[in-house]
Amino acid sequence: MERVLSAVMEAPAAAGGESLLGSIKIAVLPIAKVFTMCFLGFLMASKYVNILPANGRKLLNGLVFSLLLPCLIFSQLGQAVTLQKMLEWWFIPVNVVLGAISGSLIGFVIVTFVKPPYPYFKFSIIQIGIGNIGNVPLVLIAALCRDTSNPFGDTETCSTQGTAYISFGQWVGAIILYTYVFHMFAPPAEGTFDLEDVNLPLKNPPKDASPEQVPLLMQEAAVTDSDNSEKGKIKKFLVLVYEKLKLKQIFQPPIIASILAMVLGAVPVLKRLIFTTDAPLYFFTDSCIILGEAMIPCILLALGGNLVDGPGSSRIGLRTLVAIIIGRLCLVPPAGLGIVTLADKLGFLPANDKMFRFVLLLQHTMPTSVLSGAVANLRGCGKEAAAVLFWVHIFAVFSMAGWIILYLNILF
């Protein structure tokens, strides 16, 4: 903490304020680039232009998630990773877990005092505790490294290292999302978050009802009853493990790409076969690089387009919404700074690797996870999650700039 305070106090005086002005420029320019591309997406989706309607944005999001993001992760992580580096980077996934724990604890304290309306207690904890460790950090690193005056070295090295560090922690984030977050978003005892619907809870759904019409808890109960009468114990156990761990949801395209990149990059023979510039199969990696470069603009256009619908309706209330924004953007980052500083003092981090530390700090600074909104949609509270994501991302534009300025003054 002494180092943090001294960095903040000394920054304005250093070189007549040039250090502080340089940090502000480096921190604000990536945010400005992100804001500009999001605004263009917003403009394209507006009723005046209408090039990106809702269906178009949905297809664009699917393209990013299923193809462009996996290509970016595979190419960048595969080129950067080795078995030795994986052993050195062990704290990245640990940092993701610690971030989820510390954020959830902060969220629990805040929500206990705020007392959100029923049944949004656990929902509010997740909105504070689980940040975006993938898409937004990748966008910021790409925008930061594109500037030749960035403090992390040449553009290519900066981008490759930053993307590799971020990608290395994504598989842990996916497990947290589809286990812990999925459990926390479970519907209340009534079977639905929409307590005003007179037709719910649905005690006796029709036999021909589609899965979307049957509450999740009743679906699980139906599967259990069927298992008791028809399946053997071993098969029942395997099905139970599959359902509880949500393996289908965990192994999404970006996670598969991360695992493949780590496996292939850690084996020297396979790495020389695929990822080196003179490798016989490098054409495949080069193709992934080309496709991966399209991920950043596409996801920002889609994100900006999604804002055209506004925050929508929300039952959580203004007081809870403000508490979530303050908790996520103002209270969680200092806790993360403390975690990273302590890990550095204990010698857990690679020596003299500024980008490594910067990525760890970014993992605690991001707005609420966009993928948590997808999980919320599966559990029946998608409208409330959309409202929170809208406002958190709006205010995150300003908070991220401030935190990045602080981090750069601490690291350099």
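Every residue gets a Cβ built from N, Cα and C, even glycine.
All annotation found in TrEMBL is predicted automatically rather than curated by experts.
TrEMBL has this to say about the protein:
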{"type": "TRANSMEM", "residues": "26-46", "note": "transmembrane segment"}
{"type": "TRANSMEM", "residues": "58-77", "note": "transmembrane segment"}
{"type": "TRANSMEM", "residues": "89-113", "note": "transmembrane segment"}
{"type": "TRANSMEM", "residues": "125-144", "note": "transmembrane segment"}
{"type": "TRANSMEM", "residues": "164-182", "note": "transmembrane segment"}
{"type": "TRANSMEM", "residues": "255-275", "note": "transmembrane segment"}
{"type": "TRANSMEM", "residues": "281-308", "note": "transmembrane segment"}
{"type": "TRANSMEM", "residues": "320-343", "note": "transmembrane segment"}
{"type": "TRANSMEM", "residues": "388-410", "note": "transmembrane segment"}
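It is 58-77 that, among the stretches 58-77, 89-113, 125-144, 388-410, forms the most Cβ pairs under 8 Å with the transmembrane segment (281-308). Against the transmembrane segment (58-77), stretch 255-275 shows more Cβ pairs under 8 Å than any other of 26-46, 255-275, 320-343, 388-410. Sequence-distant contacts of the transmembrane segment (89-113) (same chain, six or more residues past either end, CB-CB distance under 8 Å): 121, 124-131, 133, 165, 168-169, 171-173, 176, 180, 320, 323-324, 326-328, 331-332, 335-336, 339-340, 343, 348-350, 356, 359-360, 363-364. Counting Cβ pairs closer than 8 Å and at least 6 residues apart in sequence, the transmembrane segment (320-343) and the transmembrane segment (26-46) reach fewer than three and form no contact. With Cβ pairs under 8 Å as the measure, the transmembrane segment (255-275) is packed most heavily against 164-182, out of 26-46, 125-144, 164-182.
Taking Cβ pairs closer than 8 Å, the transmembrane segment (26-46) reaches residues 52-53, 57, 139-140, 143-144, 146-147, 149-151, 297, 300-308, 397, 400-402, 404-405, 408 in its own chain, all 6 or more past its ends.
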